[in-house]
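Q: Quick one: structure below, then a few questions.
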Amino acid sequence: MEIDKTKEVVLRCAIIMVGLPARGKTYMSKKLARYLNWIGYRAKVFNVGEARRQEIPTSINNADFFRADNSDAIEMRNKCAMSVLQQMLQWMKDSGPSIGIYDATNSTKARRRLILEHLMAVHNVNILFVESLCDDPDVIETNIKDVKIMSPDYENVSREQAVEDFKQRIKYYERSYEPLDIDYDKNISFLKIFNLGSKFIANKIKSHMQSRIIYYFMNISVLPRVIYITRAGETNGNMMGLVGGDDDLSDRGIQYARSLAEFIDRNNMKDIVVWSSLMRSALKTCDTLKPFVATVSRLKALNELDNGSFEGLTQEDIRCRFPEEYTLRENDKYYYRYPSGESYQDLVVRLEPIIMELEKVSNVMVVCHQAVARCLLAYLLDEPREDVPYLDVPLHTVFKLTPHAYGCKVDRISFNIPAVNNYRPKPKGLVSVTSFDESRLRRKMSYSSLTPTSTTKL
Ligand code: ATP
């Protein structure tokens, strides 16, 4: 059946950040975009500060530049802000269903009204203001010292001078700052976040996407911690190159479990919590860790990607016996769903509650499996969707992830215990998904299109 594209309603979502400097707007914007892209939407951050630094020489970006009576600077800043807003609108128009995140202070009623006027001109855009308020001087001080003074604005300035200048910048903003007001702004959709999420106020939430974004913001935290991700030890099935299966550890897998326990003990990680899948190899690996850690939780959501009716075959078996399925997967490994099994896309949906928990938990070690580890790492490291099934996550290796201001530092700790390597890099000359005839691919139970269709309500 032909689809009449003229009848399709393309819905878009705009997130407008609001807040004084050093209130975590960029932090939250980047994190939100990473999350939305990971769950399958198309999201992008448009940061006015970065554009300002490109347009205007950094030498004049000192606090004076942000004074309310510096008319030349105000003109430059307004021009920059509007140009970035236009870029976001253009991107949203060109991208179909999309989520644009406008990262700027947007600190006055007049500025927010202007933004609304521009956004209303775009058909069917769903607008959510997100304001971060923080009056804890220690938090602000830390944000300034750990993050803000690293900005290119302060390239050739001493640390002390930079801190003072940034504080002065905040003072200038405070003079004209008008927070979102429950009465004045009663007709717009907004979320107010107080002191790192100790309190929230949500107003006029109109769509599933808006509630999902609010839910995400209610789960994230800035808690300093370390996340360790490892595959369970090598299994007998791994050694035979089998797809899926719920096998026992090989001798080398048992050795890895012991070494992992020693690693935890040696590094005095007794407060760490461990999350294991319910699969035999992970449970066996975690059994060895139990005496050295705080708790071990078993989470079914961490089970390996379900290979459906192909469980127990090798890739070579699949290639010879089911060549069409093999080709479909080779061409689109992320979206391809094994017959009666799962795709990477399905796995991401299954792992979403794990991500929410991961955002809140303190130090944690996740003992899981190749595809699950790939999806978790993709979220934490902001890897593009098409690369997720090709992330190299070898056996007997721990990925140590330390969150910092706008991302995560990753260290790979390889244990010197041999293991089979079934890694297959991305095939060269892949036919891109978009140039495929989708209707041919979208077969019941074996393929699902990830991208939200244009009629999906954002
Ligand atoms: P500017 O307007 O100058 O660009 P900003 O509001 O974008 O400032 P960020 O650059 O995002 O500020 O500040 C990053 C710091 O904010 C990080 O150290 C992070 O821990 C912290 N942070 C994250 N969320 C919040 C929050 N809700 N309130 C205060 N600080 C936060």
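Backbone N, Cα and C define each Cβ position, glycine as well.
Here's the feature list from TrEMBL:
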- ARG231, ALA232, GLY233, GLU234, THR235, ASN236, GLY237, ASN238: substrate binding site (BINDING)
- 10-224: domain '6-phosphofructo-2-kinase' (DOMAIN)
Q: Counting other Cβ atoms within 10 Å of each residue's Cβ, which of the binding-site residues ALA232, GLY233, THR235, GLY237 comes out lowest?
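A: Relative to the other binding-site residues in ALA232, GLY233, THR235, GLY237, GLY237 has the fewest Cβ atoms within 10 Å.
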Q: Indicate the candidate from ASN236, ASN238 with the smallest number of other Cβ atoms within 10 Å of its Cβ, considering only these binding-site residues.
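A: Fewest other Cβ atoms within 10 Å, among the binding-site residues ASN236, ASN238, is found for ASN236.
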Q: I'd like the number of other C-beta atoms within 10 A of the C-beta of ARG231 (substrate binding site), please.
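A: I count 30 other Cβ atoms within 10 Å of it.
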Q: Which state, by DSSP, holds GLY237 (substrate binding site): helix, strand or coil?
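A: SS state of GLY237 (substrate binding site) = helix.
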Q: Name, in the order they occur in the sequence, the residues of the same chain whose CB lies under 8 A from the CB of GLU234 (substrate binding site) and which sit 6 or more residues away.
A: LEU249, SER250, ARG252, GLY253, TYR256, LEU395, HIS396, ALA419, VAL420
Q: Within 8 Å of the Cβ centre of ARG231, ALA232, GLY233, GLU234, THR235, ASN236, GLY237, ASN238, which other residues of the chain have their Cβ, at the recorded substrate site?
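A: These residues sit around the substrate site: MET239, ASP247, LEU249, SER250, GLY253, SER281, LEU395, ALA419.
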Q: DSSP three-state call for ALA232 (substrate binding site): helix, strand or coil?
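A: Once the DSSP labels are grouped into three classes, ALA232 (substrate binding site) ends up as coil.
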